Amino acid sequence: MSKSKCSVGLMSSVVAPAKEPNAMGPKEVELILVKEQNGVQLTSSTLTNPRQSPVEAQDRETWGKKIDFLLSVIGFAVDLANVWRFPYLCYKNGGGAFLVPYLLFMVIAGMPLFYMELALGQFNREGAAGVWKICPVLKGVGFTVILISLYVGFFYNVIIAWALHYLFSSFTTELPWIHCNNSWNSPNCSDAHSGDSGGNGPGLNDTFGTTPAAEYFERGVLHLHQSHGIDDLGPPRWQLTACLVLVIVLLYFSLWKGVKTSGKVVWITATMPYVVLTALLLRGVTLPGAIDGIRAYLSVDFYRLCEASVWIDAATQVCFSLGVGFGVLIAFSSYNKFTNNCYRDAIVTTSINSLTSFSSGFVVFSFLGYMAQKHSVPIGDVAKDGPGLIFIIYPEAIATLPLSSAWAVVFFIMLLTLGIDSAMGGMESVITGLIDEFQLLHRHRELFTLFIVLATFLLSLFCVTNGGIYVFTLLDHFAAGTSILFGVLIEAIGVAWFYGVGQFSDDIQQMTGQRPSLYWRLCWKLVSPCFLLFVVVVSIVTFRPPHYGAYIFPDWANALGWVIATSSMAMVPIYAAYKFCSLPGSFREKLAYAIAPEKDRELVDRGEVRQFTLRHWLKV
């Protein structure tokens, strides 16, 4: 007996399909050929449904085009940290040698986790909370990542507002951070760089503490000199508030109609950075000292691989650079067609992310080499990470170029677009996660989106006060550090162990027609959870309180930071306790309903619980 499948349209001349008035979606004809002994072949045919989601009946929006989804994922994953953090870590940790642990962790943990989130969202077609129908007791993980994305929105939008402020300030014949003759400059400001002149007060980059660029950022934009600390914030600055309003308006109109609108916005925001990076690279490599900077970036010191800090930096960079754990990948992939090849998407997008991080290092260090030669200092004196790189050092380098205003406009447009699509992803995670969980919100998406963006705007106002940089630093340090690593760890355990890597692989095969290989199943089951556990433990053991330059945060501020961090992590045990207590029956029955997928409810009713068998936990 042999079986073959073909579409109804192609078989219309051979088989007349039965009509089903209420049938939804395309059908397939299954032909069964039976060869009898007399040589006569008889055929029978039946109509079968093609692969479809368990929730296919729901009227769920999908991406207008496949490229909309890919650009959205790439735009979210490739953010400002690709420009300001990876190149610095590579330089700091042995240059090209750093790529060894980075690529290793990317292959054994980063890609598998990325693939897992895409498949999880696409199969279940719900946001970060709704997907936990696969293990109801762990739905708190969904609320953890939603809350983290909301926290990040409170301060991430401020970075975009800074970039917008710089962009507006660049439309002049002379950039405002070139000289020390402005109203915001202090008597200590000096156009001439001095390698040891930067110890006079707080700053992102002590070496550049008294340059016009540093004073423009800290005194002209932030007005940090008018604050004595986090307990002396002062009023919001109207210029930054206006920029923040523009950012919020842009985010709202990009998100209010769902992926149909955001999928079009990313055509600009996700592609523009690559155009600008290419232009900056072509300009940077022609500058004097650029080769020295690139040589410093790529210099290989394999002895550094013997240091634990190098491996720790590589592990944390992999975790944060891909954007797993924010619920964004789950939200985006939930709008895919059910049969979309999420495996290929995972490979393509993670590869593009890593290549972007690596190539941006050539752009950054060509300019840093130029700055080092210009001021006759070692590259280590100008090689920094964080906001100081893109708002102090890079603007100062651009200011020395011919047509500096034009280059500044180009650079800050890149920062603006890098930030916008990442912020859109974070907001979409919150919106999709909650409207899928609460159907009342689903019917009023536009109003709920307005509520979310207004809430983030109001809380972001604390970050645009005179002392707002202290609030920004506190949130940046606590909101998405250990908490997001914890969330991803529980997520990996929930999918691979409680739901089962075998069942998860069956789901992927149902979608794509291809079962994940043993490599991916081993990574999900063993390697990725162990990797995440290692990173969580290391992040706790190596924790250092936040600081901004010479400013040390008071104890109450650090306590507030831990409240922020633990508030998101607490969603896991709080919801688990609520779910367990709300279920009827004995302890065993409660446990069965809590850890078994909702689709297995009938099996649980009959006492057939996969999770109560040893085979389930050992299966790979």
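If you go along the chain as it appears here, the first residue is 1 and each next one adds 1.
Using the three backbone atoms N, Cα and C, a Cβ is placed for every residue, glycine included.
Owing to the predicted nature of the structure, the values given are computational and were not obtained by experimental measurement.
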**Prompt:** Is it the case that Swiss-Prot assigns His225 and Pro545 to the same side of the membrane?
**Reply:** yes
**Message:** Please identify which of Asp79, Asp381, Asp476 is recorded by Swiss-Prot as part of the dopamine site containing Ser149, Gly153, Phe320, Ser422, Ala423.
**Reply:** Asp79
**Message:** Based on Swiss-Prot, name the residue from Ser299, Ser351, Ser357 that is recorded for the same chloride site as Gln317, Ser321.
**Reply:** Ser357
**Further binder of Na(+) 2 named by Swiss-Prot next to Ala77, Asp79, Asn82, Ser321, taken from the candidates Asn124, Asn341, Asn353** = Asn353
**Asked** Expressed to the nearest Å, what is the distance separating Asp421 (Na(+) 1 binding site) and Gly153 (dopamine binding site) at their Cα atoms?
**Response** 12
**Request:** Around the Cβ of Asn188 (N-linked glycosylation site), how many other Cβ atoms lie within 10 Å? Please give the count over every shown protein chain.
**Result:** 13
**Complete:** Sequence-distant contacts of the topological domain 'Cytoplasmic' (500-516), meaning Cβ under 8 Å and at least 6 residues beyond its ends, amount to 51, 53, 116, 119-120, 122-123, 338-343, 524-525, 597, 610-611, 616, 619-620
**Neighbouring recorded positions, C-alpha within 10 angstroms of Ala423 (dopamine binding site) - of Val78, Asp79, Phe105, Asn181, Asn188** = Asp79
**Request:** Return the member of Phe105, Ser149, Gly153, Asn188 nearest to Leu418 (Na(+) 1 binding site) in space, with distance defined Cα to Cα and candidates limited to these recorded positions.
**Result:** Gly153
**Request:** Find the one among the binding-site residues Gly75, Phe320, Ser422 whose C-alpha lies closest to that of Phe105 (site 'Contributes to high-affinity binding to cocaine').
**Result:** Phe320
